[in-house]
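Asker: Before we start, here is the structure in question, set down as structure tokens.
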Amino acid sequence: MAKGYSMAKSWAALIGRILISLIFIISGIHKITGFDATVSTLAQTGLPSPQWLSILSIIFELGGGILVFFGLFTRFGAFLLLVFVLLVTFVFHRFWVHEPSDMLNQMHHFMKNFSIIGALLYIMAFGAGRLSFDSGRYRRAE
């Protein structure tokens, strides 16, 4: 029973990592293919250097997403994603400053992002699991 439970936990961690990372990988690719639109969106916020911020967001999303997906330096990848999501949440989804017609939509994005932050904190706390490159890396170090 314990071995079956352990394998189920390993597979759940792998599937969870893949699912949480896909939103960032796909979004990072979308930012590359629609780079001008990404820069334009950031420029509308009034933040400085929208082109550099777009490049940084791609690095954080794609880089962190790939690390979490493969379970390689997973905690660092999850940290990159956590920083990214926190910043995006408080720059773009401050529902309390939006018009009433958009407030509920922005609140949903805000709360969804906090759910994602919860998953990323979980990954940072417990790591990638046994079915990961990190698992092999740590075993060799022991």
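Just so you know, glycine gets a Cβ as well, placed from its N, Cα and C.
According to TrEMBL, the protein carries these features:
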type	residues	note
TRANSMEM	12-32	transmembrane segment
TRANSMEM	52-72	transmembrane segment
TRANSMEM	79-96	transmembrane segment
TRANSMEM	116-133	transmembrane segment
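How buried are these features, and what lies next to them?
Answerer: For the transmembrane segment (52-72), the residues of the chain that approach it from at least six positions outside its boundaries are 14, 17-18, 20-25, 27-29, 31-32, 35, 38-39, 42, 78-81, 83-84, 88, 123, 128-129, 131-135, 137, judged by C-beta separation under 8 angstroms.
Long-range neighbours of the transmembrane segment (79-96) within the same chain, counting only residues 6 or more positions beyond its ends whose Cβ lies under 8 Å from a Cβ of the stretch, are 24, 45, 47, 57, 60-61, 63-65, 67-68, 103-104, 106-107, 109-110, 113-114, 116-117, 120-121, 124.
Here the transmembrane segment (116-133) has Cβ contacts under 8 Å with residues 6, 9-14, 16-17, 20, 23, 68, 70-72, 74-75, 78-79, 81-82, 85-86, 89 of the same chain, all six or more residues outside its ends.
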Asker: Residues sitting near the transmembrane segment (12-32): Cβ under 8 Å, six or more positions beyond its termini, same chain?
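Answerer: Same-chain contacts beyond the flanks: 38, 54, 57-58, 61-66, 68-69, 71, 74, 77, 81, 84, 116, 119-120, 123, 126, 128-132.
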